[in-house]
Amino acid sequence: MDRILIRGGRRLNGKLPISGAKNAALTLMPCGLLTDEPLTLRNLPRLADVDGFGHLLNQLGASTTIEGSRPEDFGRVMTIRAGQLTSTEAPYDIVRKMRASILVLGPILARAGQARVSLPGGCAIGNRPIDLHLKALEAIGADLEMSAGYVTATAPGGRLSGGRYRFPVVSVGATENVVMAAVTASGSSRIENAAREPEIVDLCRCLVAMGARIDGIGTETLEIEGVAELHGATYAVMPDRIEAGSYACAAAVTGGEVELTNVDVASMGATLTALREAGVGIEERRDSIVVTSDGQLRPLTLTTAPYPGFATDMQAQFMAMLCKAAGASVLTETIFENRYMHVPELARMGADIQVRGRTAVVKGVDRLVGAPVMATDLRASMSLIIAGLVAEGETSVARVYHLDRGYERLEEKLSAVGADIERDGGG
Ligand code: EPZ
């Protein structure tokens, strides 16, 4: 089982390239199912979840070919060809390993008029229901039947009708599923209280490039006029705002000066505001951000919220950074019910964190001490890396397969800006 070893205490200096966004890639890839023409995605990150999704597309009968990228390049070019689907089912053994597989439900239903997808089940951060995905699909004409841990969706007459749905709470995945299903419906659809994350904007822009008709992109109300069919396109995946924010937290806490390159600056508003509030120097350039820090940080009060609020996917990384702030910070997690799995591991490195319900009080300490720790979920594992970079001595992070799901070539990127970090096959 791979683990990552870090010897902390080094300042970070230099340029760090940001990859394509995992959470955009995982909703752009299923768009290839919506047309019998090729969809080419550029700047695709080299991640386990992207590879896993590619295997799922292959199971459904789509080919996925990686073209024109050298091993040393960050980002890949993938062309998805779904001339015809050979299956309309996403099986349990795939969906349980990668929850984002649920995002094939809408596209398969739209393309084939029927779909059978395993319920994803929960994960480390929460039970992650899909009731909103199902209610939204019903609202645009799907007939649904649940049995034996699967949902079977059918479009009467083979084509969804379109319709109107107002989300009771914001859901990124459910918004993505219903948008992908609605673009080839026979009528129009109006989606209210839709998620506005930049990854949703990326999805809508890609669908429009494929011939979809969507108004209100980037707002909470999406108006979709169904079209008979979509055509192929070439589309570049947006830069990963969470990866960029994660490395910014690392540079902030170690001290130093790091330029994050290939960044979508506009998508990082709440993260950059919080970093500046903590006393970190942030210089915004056209497609890069320069993070400058002396390692002295002010405490913060942060509450996670749907975009454009402070991202839940940044909570663990900020917590690790704030373990070294001069004072007490208060973090409140409003999106997921169990997203503090990193707390006991950080405590083993000397952090002083008290969790009460959804709120964590992080009292800054003078020093963190390296220790063997264990990753539990993707962003929690990044918080342990950040803590290890500033801790005295050696930190070994086990179960790094969690990290490989969302951070492309992490140790290579961090080594290049001066971190003493390596991957160790043992452990
Ligand atoms: C997406 O998950 C992201 N994953 C998550 O990133 C991210 O944390 C989350 O959005 C919130 O921004 C991908 O894009 C692949 P939600 P998703 O539906 O779509 C509840 C990472 O670290 N809910 O917006 O699953 C749900 O339980 C991952 O990169 C329902 O109740 O998130 C949660 O409490 C982690 N019923 C809240 O809504 C539903 O049908 C928000 O979930 C769906 C969701």
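Using N, Cα and C of the backbone, Cβ positions are placed for all residues, glycine too.
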For the UDP-N-acetyl-alpha-D-glucosamine site that TrEMBL lists with ARG128, PRO129, ILE130, ASP131, LEU132, ASP313, ILE335, give the additional residue from the candidates ARG99, ARG285, ARG367. ARG99
If you average pLDDT over the domain 'Enolpyruvate transferase' (7-414), what do you get? 96
Alpha-carbon spacing, ASP131 (UDP-N-acetyl-alpha-D-glucosamine binding site) to ASN23 (phosphoenolpyruvate binding site), which is rounded to whole Å: 20
ARG99 (UDP-N-acetyl-alpha-D-glucosamine binding site): tally of other CB atoms within 10 A of its CB: 17
Of the binding-site residues ASN23, ARG99, ILE130, the one whose Cα sits nearest to the Cα of CYS123 (active site, proton donor) is ARG99
